[in-house]
Structures are given as structure tokens and as C-alpha cells.
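Peer 1: This structure is in C-alpha cells; I'll ask about it shortly.
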Amino acid sequence: MAARDVPVEVTAPVVEMRGITVEYSGVRVLDGADLTLRPGEVHALMGENGAGKSTLIGALTGTVPILAGTVLVDGLPRTPTSVARSRAEGIATVFQESHLSPHLSVAENIMIGHEVRGRFGISWARSRKQAEAALATVGIEDVDPRAPLAALSPATKQLVAVARAIVLEPRVLVLDEPTSSLDESEATRLLRVVRRLRDQGVAVLFVSHFLEQVFAVSDRMTVLRGGRVVAEYRTAEVDRAELISKMIGEDIDALQALHSQRLSHHYAESSRVALRATSLGRRGMLGPTDLDLARGEVVGFAGLRGSGRTELARLMSGVQRADRGELWLDGERVQLRGPAAALRHRIAVSSENLRHEGIVAGLTVRENIVLALQALRGWARPLSRAEQDAVVDTYLDALHLAHEDLDRPAGELSGGTQQKVMLARLLATRPHVLILDEPTRGIDIGAKLDIQRRVAKLAGEGVAVVFISSELEEVVRLSDRIVVLKDREKIGELSNGPGVTVDTIVEMIAAELDGPDPGDDG
Amino acid sequence: MPTTTPARPRAAEGGLRRIAHHTLFWPVVALIALLAANTVYRPSFLSVTVLNGHLFGAPIDILRNSAPLMLVALGMTLVIATRGIDLSVGAVVAISGALSLSFIATSPNPGSLSTVLLAIAIALGVSLVLGVWNGFLVSVVGIQPIIATLILMTAGRGIAMLITEGQITTVTSPPFKTLGAGFWLGLPVATLVAGGVFLLVAFLTRRTALGMLVESVGINPSASRLAGVKARTIVWTVFALSGLFSGLAGLILASNVMAADANNAGLFIELDAILAVVIGGTSLQGGKFSLSGTFVGVLIITTLTLTVTIVGISPLVTPLFKALVVIAVTLLQSPRIRESFAARARQRAARPEEVSA
């Protein structure tokens, strides 16, 4: 990409979004959000899952219809209605490498949709030449544009995705989680390209769950929470702890009682270790991690999404196989070949992705509750109706589930009820180790309280519980011990006590990587 | 209170409406319409007479002719419920028929019961192995079902040709003929066999947990895996069953004509079976399946074929008739079409108020 004539007033915004409001089937996902992008600046969009980042990007690139608000490009009002149209206005999106076509060549991937046309249709020679120029801009001129994309490494593919976005010389470049499939050195390479583009005067909108990358590359940041902009900072001036607490938000705490209850609970120090992980890890997923879970203990995993908290849970429960390290269950080495094996070892796990890995939407609530138990028994030994009723009734009242919902398809019920159904399904297998990944995400306060109470009670009954939540208050409230993760590594462990607050954890996450303090104060 | 009965608005709308909302409503209506049309054309259509202690008549013909398709469609229902599809059933039908008849033809005593039983066992055993092969390709190797079974669909007829050595083997064996053309207790043996398998499958899926686990895998494979369901074993099992049932269907078809035709036995039966399953309301996207729906679907397709013969239309246009009925039934079942009908009805109801507003 050639250096262009940068406007004299470098600070004049190229894109201004004002009061953007978006609703999906009546649910307001963006509520009057503002965003300003200036040429020669990398602007980071921050926020937890569901904060509205992707929606805001969609509103900018024309994939999401805007209910209210204006988008100004060069000071003129525009209504982005399609990706093609926003591209014509100079707004380009870098797709994740998984959105490229593996069987097309590199040049085809870059030029698809805007091939150079000659008298006899597409001129592939000239198209390839343009593709080569774009490859050079992103610093991978050694890649053969005729090679099939599938032959490249993930990092190179991601750079090809950047090349695809910049080939039309956009003035605004949107990168949504561009580094999620890259390792550290690959990510560094990509960030270098982003900086170079910025220096050429491109306005970059950057979204990443990796905090350090955001701090390394961005000049300015906007923080979203619950569809609203809660802060805008210059990156150089921002306090990390403040940023993280802005992202997470401080809920009105109606649950303080549970906290003090948990604090007075204090599991017996002599408790047997139920599950022990030693240097458990998997390449590209989680660094080697040591962890002990004791009976009757709630261990919270704290960290932002992508920090490795879900990955650790999945490796501990056989959902994904570790390629290093060992798992010990009640002092015996176990190898979990899958979730079914884990269940036989009395390790039950729920996924953070309720819709895709939790609820079987087409089955009834009753079937969903007995599913894991039935799978454990095998198909040939069906649970009789009476046995099903006994199982279902055990959890119905405890979780405040409605009797008349039992024979409705689980997919018709609210998120909170579905989470309770999931919990009931796991509990029906009488687990010794219970791993809950985001069991309270996006549900109302009542359902949340039901689930938290149940978790506290389980620990009292001697179950080893892992509790993962994006809401740190919740983790602090429930956990005996908190494992803190960041950038796919365990960075420390805290014994919960009167001195431990959300800020303690936030400071741990925000601290620079150079001195990871184990903080294990027993 | 959990004891209070929840207000169910639908209950007030009356039983007729509920029947009309049943998934099998339109398929049954289509079947009745077909039978009625036949009766109008030939008033004696529905009459069943007793001859030599056997029941005779068009309804009995429909039941008997349905047997092979019923068997194939049963296996297909289970496969489709797991989000799969089995295109190889026709080829398995041909292999099974060719194997049994070739074995009987080359045996020293084609008429003996032991020869026939051995022939049946060999054919069913090989069919089961073929089903296991399909299941292996899909569940272990991870090939898409349509491709995995396409392999056997194309290769299978070649295998059948090898078995028959390219000849259409004609055999005389009274015990074997009983399977396809015999009667027992006044009913065709083929019908009894298919009925027995139907009941067996119904028992296997609805009285054990197999049906629920099959549906769970079909609706959401990843969630099922996390719940400890062994999706691989289940998918493998349904493909094996599909092979076995197709083999049984092949035996009945071969016994009916007592000739092994490697090229034409069970030709396009996979399409009829898929149609029967879809007409019966089991979604090709997997999940909830309906064995009784498949039953009605099979009857519709067999009745259609018979109708064409009775009315005297050239068999060449049978596919066209099938297509028309299938289009009609699937459109009536489509949620989107139903929704647009309902929306139109609501609009019509709402229009007077809009005018006054």
C-alpha cells in the first residue's frame, strides 16, 4: 500500500458513530454507543463477552441493522447497509483466518470479489500482481500467491487475511480477534504490521481478548459494558485495574450474605485431594499447569475470556485431551479419553457454551436432566419413569424448576432455567468433582442465587467444585481458593479470606508479566 | 403451587384442532385420499376376500408390497435421526438377494429348509458387515454419511454382479419362496416379518434408552458428547442396523421373484425410503424421529405405485406421481408454509378491526 496524502488535521476523525442503538428481537444489545476513529491511530474496543463489541463492529461494516444513531464517514452521514458498500467507503474488515477459503490460492483469497478485469474477463496476471503488492505490505512477500491457502501456517493465513482487507487501500481497518489462533511470536509479527499500517495513516479498530496485545498496540480505547460505552481512554494514561473493573462492572450486590456464609465455611485443611493436575497442558491451548482440588472445596478460576480458564477446565475433565502432564484422581493416575470416561470417574463438567455444548434443545427438560445418568448406565438399562421422577424431583424444588415445564422442549425455556437443567443433569450423576464453566452467565439474579446456593451446598456435602465466571464478585463470593489465569497460563493462586476482593484479583491480572507472584499464602 | 393445573389455551380450542396439528395429520389425510381415489375408480378396491384360507385384495397387496420398503425405511429412520443418511441400502438389497439365491442355486439340495436357513444367515451376516462398514466410515473415520455410503452404493451392485457372475440366477426353492410370497395365518409372510421388525425396533428405541440417545446425538452431537453419550457407538449401531434390515428386504424381494437381478433389485429403494421417512415427519436435520410416521410414509408410497398400476397409467410416469404427492405432503408439513397460512388467516381475521381503527 502506497503512502497516501494524509489530511493536514491528522486528528480529524474518519469515522464517527454517535448514539448507535441496535436491538435483536426486542433485546437491546447496543444502547447509544459512540465511537470515534481517527487516521493514524489504533483504537481498541474493550469489553467482556456480550458487551456489544461485535455488534458495534457489525453496525460499522453494515452487517447489523441500526435502530437509531448516526454513522459519519468524513463528517458525512452514511448508512452502512452491506459489507460491499462499507468497503467502497474505505472500511475493511480483517476476517479470522478460518473465514478464508483453504482450497483457493493465496492470490484468489486476497482478490476474490475485486479481481482486476480486462477485456476478456478476469485478468489473473494483474490480479496476482496486486495480491503480491498486498502481501509485501504485510511483510510476507516470500509467500507464493499461487500456493493453496491450506499449505500456509495459521499465522501466515492470518496475515493473508490482513492482505485481503488492505488490498483496496482502506482508510479504516477493523481487526476482530486477529490473534486468537496465533502463538506469541506470531502475534507479535501481526501487531508489527498493524503498527505499520497505522503509521501509513490507516485508522485501525482493534479487538482482542489478550490484554497485553491491546496495551502493546493501541493508542486509544473505548470500553463497552452491557451495550453502553462506559469509558474512553488514551492507552498511555489508563490504569489497568481501573480498566478491568470498568469492563467487568460492579453489580449491585444483593448476595453479600452468601459471601460471609462461604467465608465462615472454611473447608477442613486436611481434606483429601480429589483431583490433582501436574503440569497439565496442551500446545496452543494452555501452558503446563499444576492444581489440586480438595473435597468440599470451591475453587474459582478467575481470568478474562481466553485467559485459559475454560481450557484448564476442559483438560481436567477429558473434554479435550492434554498432550502433557498428568491427572490424578484420589491418588490414582487416570487418563480421560473423553467426557464419558470422566463421568465414570465421577468428574462432571458443564460447558460455557450452553447452546452448543449444553442443552439438547429438542429433548424435553426431563430427558435433558436424565441424559448424562442414562448415558452412564448405557442404553440397554433405561431409567424407568419412576426412577426418572425420583431423579427429577430431587432437583426440581432445590433449583426452583417448574413442574409443568418438565415435558416441554428444553430449548423453549429461558437461559436461567436451562442453566438449572444443566446443573441438575450433572448432579444426577452424583459427581465427586464438579466443574462449572460460566453456570450463571446471562441469567437473572434469582436463578443466579439458586445456582450459587446449590454450589455452596454441594461443597458442604464434600464435592470438589470448580467455579468459573466472568463476574469476579461471584468468584470471590463463592470460592475457598481462587486460581488466577492470564494469557493461557496460571499466574497465581489466592486463598480466599477477608482481605481478598475483586480488586486483589484485578491487580494480579493487571500486573505486568515480568514478575508473576504465585501469591499462594495457604 | 405445583399441583394447580396450568392454563392451557390450546385445550380450549377443541380436539379437532389438536388432531389437525398432529405431525401425522397430513400424511394420513394423503393416504386416505389416495385410498378413496382408488375406491372411486374401482369400488371393489378396499374389499378383502378369503381364498384358500389366505386374505386377498388390494389392501393386502399394499401391505405385502410395503414389506421391503418398510424394512429399509426403518433403518433409514434411525440413520436420519442421527443426522446421517444411508444411500447404500439398494446395493445391500441386491447383494443380499444375489448371495442367498446363488448359494441356494449352487447347493446340492435347493429345496431343503436347512439350505434356505443357511442362505438367509449368510445374506444377513454379510448385510450386517456392510452396515458395520458404513458405520465405521462415518463414526470412526469421520467421512460424511452421504459420501461414505455412496461408496457402497456404487460398489455394491458390482459386488452383486460378481456374485451372480452377471447372470440373472433363477432358482426353485419352495421354502425360500415362502418368505416373499407365502402366507401364514392368512397374512403374507413378508408383512409379518416387516411387522415383527417394526415392533422390535419400536421396542428397542422406545422401551430402552436407545431412542432418546439417538435423538440426543442427532439434535446436538457436541452436547451429547459432553453428557457422556457415546455418539460413536450409537451412530455405528444405526448404520449396522440399516445394513441388516436392507439385507432382510433384499431376501424378501429375491424370494418374491426367485431371481437375483444384480442390476435392478432394490433400484432406487434408497430414494423411496428417504421419501417415506421425510413424509413421516422425521427431519433430515436429525433429532426426533417417528416410526409410525415412517410407517404411514411407506404405505403412501406403495399405494401410489399400486394406484398407477390399477388406474392403468404407464409405469413410466410413476415417478412423476410420486413427486407430486411428495411435494404436496412436504409443503403441508413445512413449518414455514404453515406459518404463512396461519399469518394469512390472522390477517384476514384482523382486517375488519384495522379498517375501523
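Each residue, glycine too, has its Cβ placed from N, Cα and C.
Because TrEMBL annotations are produced automatically, they should be read as predictions rather than curated entries.
Found this in TrEMBL, in case it helps:
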TRANSMEM  B:24-42  transmembrane segment
TRANSMEM  B:62-80  transmembrane segment
TRANSMEM  B:87-105  transmembrane segment
TRANSMEM  B:111-133  transmembrane segment
TRANSMEM  B:145-163  transmembrane segment
TRANSMEM  B:183-204  transmembrane segment
TRANSMEM  B:234-259  transmembrane segment
TRANSMEM  B:265-284  transmembrane segment
TRANSMEM  B:291-313  transmembrane segment
Peer 1: If we skip the immediate neighbours and take only residues 6+ beyond the ends of the transmembrane segment (B:291-313), which ones have a Cβ under 8 Å from one of its Cβ atoms?
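Peer 2: Contacts with the transmembrane segment (B:291-313): 23-24, 27-28, 30-31, 34-35, 37-38, 41-42, 45, 58, 61-62, 65-66, 69-70, 73-74, 76-77, 198, 201-202, 205, 272, 275-282, 321-322, 325, 329.
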Peer 1: Quick check: do the transmembrane segment (B:87-105) and the transmembrane segment (B:183-204) share at least 3 Cβ pairs under 8 Å, counting only pairs 6+ apart in sequence?
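Peer 2: Answer no, regions not in contact.
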Peer 1: What stretch of B:111-133, B:145-163, B:183-204 shows the most Cβ pairs under 8 Å to the transmembrane segment (B:62-80)?
Peer 2: B:183-204
Peer 1: Excluding the flanking five residues on each side, which residues at least 6 beyond the ends of the transmembrane segment (B:111-133) place their CB within less than 8 Å of a CB in that stretch?
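Peer 2: Sequence-distant neighbours of the transmembrane segment (B:111-133): 75, 88, 92, 95-97, 99-101, 103-104, 152, 156, 172-176, 179, 236, 239-244, 246-248, 250-251.
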Peer 1: Against which stretches of its own chain does the transmembrane segment (B:183-204) lie, if we need a Cβ under 8 Å and a gap of at least six residues from its ends?
Peer 2: 50, 53-55, 60, 63-64, 66-68, 70-71, 74, 78, 210-211, 241, 245, 248, 252, 255-256, 291, 295
Peer 1: Which bits of the chain, at least 6 residues beyond where the transmembrane segment (B:145-163) starts or stops, bring a Cβ under 8 A of a Cβ in it?
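Peer 2: Those are 79, 83-88, 90-92, 94-95, 97-99, 102, 130, 133-134, 137-138, 260, 262-263, 265, 270, in sequence order.
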